[in-house]
Amino acid sequence: MASQQYAFRAQKSLGLVNGTPEYTPVAGFVAPDVPARTQTYSTDGRLYAYALPTVVRIYQAEGAQLLQELALPNIVEISFSPRGTYLSTWERPVKLEDGAQHKNLRVFSASTGEELISFTQKSQEGWDLQYTVSESHAIRLVSSEIQVFRPSDWSKGVVDKLKVEGSTAVSLSPGLNPSIAVFVAEKKGAPASIKIYSLVALNSTPTCQKTFFKADRAQMKWNTLGTQLLLLTQTEVDNSNKSYYGETGMYLLSAAGNFDCRVTLDKEGPIHDFAWSPNSKEFGVVYGYMPAKTMLFDQRVRPLHDFGASPHNFIAFNPQGRLIALAGFGNLAGKIEIMDRKTLARVTTISAPNTSYCAWSPDGRFLLTATLSPRLRVDNGIKIWHCSGPLVHVQSTEELYQAQWRPTPVENVPPFPQMVPPAPAASESVREAEKVQKPVAAKPAGAYRPPGARGLATPSILRGRTRAGPGWVSGNGGGGGRRHVPGAPTSPSPGPGPDGQGQKGGNRKRKGKKDVSAPGSGPGTPVGEDGAPLDVGLLEQGVRGQGQEGGQGRGQYQGQGQGNRGKGRKGPGANGAGGGGSVIPTPVPTPPPVIVTAAGTAAVDVDAMPTTPGADGAALDAVAKKARNLNKKLKAIEELKEKAKRGERLEATQLRKIEGEAEIRKELTVLEA
């Protein structure tokens, strides 16, 4: 099928490929021996051309018959006029020996190869002339002047011109009554502006004009009929510091001057992409911070449909306007959603990661995605998908630079059916690609764990505070204990002494003094008056604070429990938690009095001990925590009520929360009674 032909250009190859169902190289086309610099089709799909370092060749696209060979060196860009009558070429400007200007933009007759006119064009951006659909006129922007030519008689030169001070971009509309849109960027406090002129009355007053701020550059898109213009404005810098790429705005203007307005968008963030429907009556916009929203508007900027929030930054209607492709490329995952414009339902979802180019086929049934260099230098190639979802063709090509469908006028392809057509059988290339495809490992679900801890039991440092031996071990490795390294062999480590020090430092200070050790560790075990040993957990506060007066523990300043080392240096706290750095000293609790019993053993007065934080937490949790949680729920309900009063739409789950208010208040009353 001729409408499915596509062309590709790579570092080591160039070719034309037939479409469904064969996907075979076009017979008769001989690829060049040297790398091509660029390639293009004419707008009507009749001609195909490519540029080599020394020559430009023009082919008949159907059958690949060579028509012209132009001996033009160093050509970087080529372009056809709408009907394929003229071929424009651009090369990089150079200084000539005689001091004359280098005419680096040249126009040739595609049928005879004769050079018709040439210009000096320094900038590669916007280098080509713009033609009307009938090729009756051609325009180009030179400094702040729009020059008009008649291609039927290039020898006459400029036949009309328009001077617009500060103009930076110009766009010629399609359609039978062409108009010219001229954009003037914001400069030195003066606002930016857009003006639309009729081509046949260029020096008359503009048919439509609008001024606005925050516009350093603009992108203009006409609808198919050439009656309305969408203008996307963008600033270099976002003064609010919310976006790295500057601020964006969108305006809709009518060529007749009977309508113009700003496109108001209901989500904050940049405008990622926008596109007209081929019917010229509606357009789609993808906008907002991720996940971005996609909205469909009519020609009076009235919302028609909200596709919701999804990670998209690309929108494209198929040539018949029946299907819409919404996708997320670049730094997004490459998901493509095909939407049916008639039913507004999702047809299918395609996964095309690493896509850097995407385009509909002329018959609207296939989607071409390509991974191109130099954006990505691996996995370069072309994939063709049917609009119902299946992959029908794969072509892997190293260092692929360009890929494009052969254009075909909509009237020359069969109309899109009422129902989405079934997919044809996949080509052999798809089956071959499946054989060599690398298996994709499933992503493990659950919380993130560092690579060194994967596949092992969760270490105690990840589980928070745990008891290990006679003292507390903090989850961050503090408390004097040894930090466990995942995967390292475990070995018994000296736990902290009751005074918050390691065993080595504690032994030097305990000489000649009675030990206050862990329960059951020896004759120094604290016991009550009845001889029963006391729980060290209850004595923790007092025993840790003992070092403040007796010189055994780490107090507010280090050095008292470790000889002269580090004297006067701020310590990590009274509880002996390990670690370095500057830590704010915490108040040291007063130790409880020690009672000497008749048996000569030391015991601690439990009644005089300060309460350990959390010791009676179990009793408080039952009522206090429950009441606190209920109060939080009531506060959240009040906030939802305020949102409802402001007119914000609430979700179903939020409405159910409000309905349960009476029950929560009843439960809270019972707890407080």
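The count begins at 1 with the first shown residue.
Glycine too: its Cβ is placed from the backbone N, Cα and C atoms.
Note that TrEMBL annotation is computational and uncurated.
Per TrEMBL, domain 'Ig-like' is recorded for 178-272. Among the features that TrEMBL reports, region 'Disordered' is placed at 422-592. Among the features that TrEMBL reports, compositional bias 'Gly residues' is placed at 544-582. Positions annotated as coiled coil by TrEMBL: 620-650.
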Check your understanding: Where else in the chain does the coiled coil (620-650) make close Cβ contacts, counting only residues six or more beyond its ends and a cut-off under 8 Å?
Key -> 657-658, 661, 664-665, 667-668, 671-672
Review point. Roughly where does the domain 'Ig-like' (178-272) sit in mean pLDDT, to the nearest integer?
Key: 88
Revision key, fill the gap. Taking DSSP helix as H, G and I and strand as E and B, the domain 'Ig-like' (178-272) has 3 helix, 45 strand, 47 coil
